């Protein structure tokens, strides 16, 4: 219901407005005070010895940050860098922090996005709610540039480049601060970032258009790849920030979806519940992010659909050129 108020102008907003409006004012006041404390030095912020790129957003929920992080990491690797990725591991609880993700890491310990980023890129990934501690660990392990998955509002970590990802369809909803609206910070915050990347929809002036291009479906058990429309009677589910985006992609690919089910972002799936859902069709299709949580109890008819961020060559060059400029300021070189 809350997202209907934020993004769909649901009539119930008139009932909840008197309750939520004061809370939004309080949220905004606290956020401004905390940010100002870091800016004037009343609160300490960590300056890393290597460049830091923050990929975040100003709204709650999933906007497509992780594909951007993966794209950045892969490009940096191609350029000879050794990137390290920082995440707070939302929804997870590690036995010790900072936690360095590896092939044996459980998503319940590190989080689904960190595990996905590690599996896709093989990069160094460290999880810690206190992000500067994760950065320090990655530097110890040899990283020479940092990419943070989320953390735009984590001002305890200084950054050199800020990238904001915007949902091109939903944009900023009713443009109110949490909890009345989806905003973590006012839209005026966008005036001070390096790049605004628009995921789908129409990019506004000054924004970079991004599309998420689906690949072939991959079998969770065997790694076999097929086109989605080769799979009959699909049960589709997604536990991401905005599940309808995934279902829309399947529709555009001509997938034979008989059942679709959305779950909360970062939800820890119950194997029995997923198995029961799977019995409603002949095959199961899920997002790659969900696959990292389902692999341990997957069946041989379960598939996931990987997607990759795509930009125009001009926009790619703009982003990479800015990174190169920052690296030169540090006097750094590729590994």
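Using N, Cα and C of the backbone, Cβ positions are placed for all residues, glycine too.
What Swiss-Prot lists as ATP binding site is 59, 60, 61, 62, 63, 64, 65, 66, and the listing cites sequence analysis.
Locations of recorded Swiss-Prot features on the structure.
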| residue | record | Cβ contacts under 8 Å, 6 or more apart |
| --- | --- | --- |
| 59 | ATP binding site | 166, 167, 172, 173, 182, 183, 184 |
| 60 | ATP binding site | 178, 182, 183, 184 |
| 61 | ATP binding site | 3, 167, 182, 241, 242, 265 |
| 62 | ATP binding site | 240, 241, 242, 265 |
| 63 | ATP binding site | 57, 165, 166, 167, 199, 241 |
| 64 | ATP binding site | 165, 167, 197, 199, 200, 210, 212, 309 |
| 65 | ATP binding site | 55, 56, 57, 149, 150, 165 |
| 66 | ATP binding site | 113, 116, 117, 149, 289 |
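Residue 59 (ATP binding site) carries a strand DSSP state (E or B). Within 8 Å of the Cβ centroid of the ATP site, not counting the listed residues 59, 60, 61, 62, 63, 64, 65, 66, the chain contributes 57, 165, 167, 241, 242.
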